[in-house]
Amino acid sequence: MTESTQLNTTEHPFPAHEQGESAPEQQQTPWITYTVICLCAVIWAYLNFAEDLPYYTDVANTVAPRGFRIWTGAVWALVTAAFVHFDFWHILFNMWWTKDFGRILEPSMGRKTYLAFILAAAIVSSGVQLLFTDQTGIGFSGVVYAMFGFGIVARRVYPHYQQIFDKRTVQWLLIWLGACIVLTHFDVMNIANEAHIAGFLFGLCIGMVFVARSYVAVCSLALALLTAMTVLSVTYLPWSEQWRSRHEILEFVELGEKAKAGDPEAQFQYGDVFMEYEEDKAEGISWLRKSADQGYVPALNSLAWMLATDPDPAFRNGTEAVELASRACEKDGWNEAMYIDTLAAAYAEVDRWEEAIATQQQAIEKLGNKEDSIKALYQEHLLKYQQHEKVRE
């Protein structure tokens, strides 16, 4: 190695040889690049063709968790989300450019530096996307744009980079960057533009600071800002409603996962949440039915009460309400006043007034001598039944 070559390597932490030299670095197989392509392909195939396999949802939530999961501990998503693709055109686009850029960058940077670069680019691009949109986005395009940004700076120092980072490539990717912003603005496609821009700026600034040695202070400040934004994205977003509600959202999502797995208590609680919103009532009823079908007493009671007292006649079914409320009382051993009160309302709905009155009196007796709002409410129900009026709530 000549002295001039030694000086060049010292100046630039990303060593590369001039175009035309038969350098060992350029002849090396870009194994990290090929590994990235294979990993992305495997994840894409799994996510598209393995939905019926066990643990599919767990795997999907692990590699590409939503914002509230990241904010409650799943910070690895800043890296893993970059390797996730669902659409074929998406993975094809990203892997095509990864192959072209990687076969130049990896040998010239060296594998360790190149690996650190793509991981850092993934973290920064995902973090900035999360900061602005409450989600990391998915796909390797943030890293691709980081490679692109680095390459258009490094080509000025290392002429052999121009084999890939030529005028046509630069124009094409800059036009596509702008087109993506326009497509997203008009709701044609949902594209992670913040990740693209952050990745591009990250690669550009890395190239400026460590290769071109131009605008070092400004680019170092930009890198510090990108780093700060990434840290903020997983630690403190008080302007984000999702971030402020992250623990409640996580609890609800986990409750839903238990409900879908068949837990009757979770199905009851999950359905109960939906029942609070008129537009989601049908969804809530379906979950209450799933729980009631397993004999879960609170679900039997809640569903029976709704079928007996709902103001909307489309939801009422007195006959079914009697059947469900009777099952609830029998399973409970006729101990809970609330379940007996529900049965009385169901009897009233089908005009079985004598049974409604007798059953309501039984519910009141279960409360004993205590005077409270519940007992007063039950007495109001009794008065309604004595007047042949039905409860509507």
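Each residue, glycine too, has its Cβ placed from N, Cα and C.
Feature annotation from TrEMBL assigns compositional bias 'Polar residues' to 1-11. The annotation region 'Disordered' is assigned in TrEMBL to 1-26. Annotation source TrEMBL lists transmembrane segment at 31-50, 70-93, 114-132, 138-158, 170-189, 195-212, 219-239. Annotation comment: TrEMBL describes 73-212 as domain 'Peptidase S54 rhomboid'. Taken from TrEMBL, the feature coiled coil covers 343-370.
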In DSSP terms, the domain 'Peptidase S54 rhomboid' (73-212) comprises 110 helix, 0 strand, 30 coil
Quick one: mean pLDDT on the coiled coil (343-370)? 95
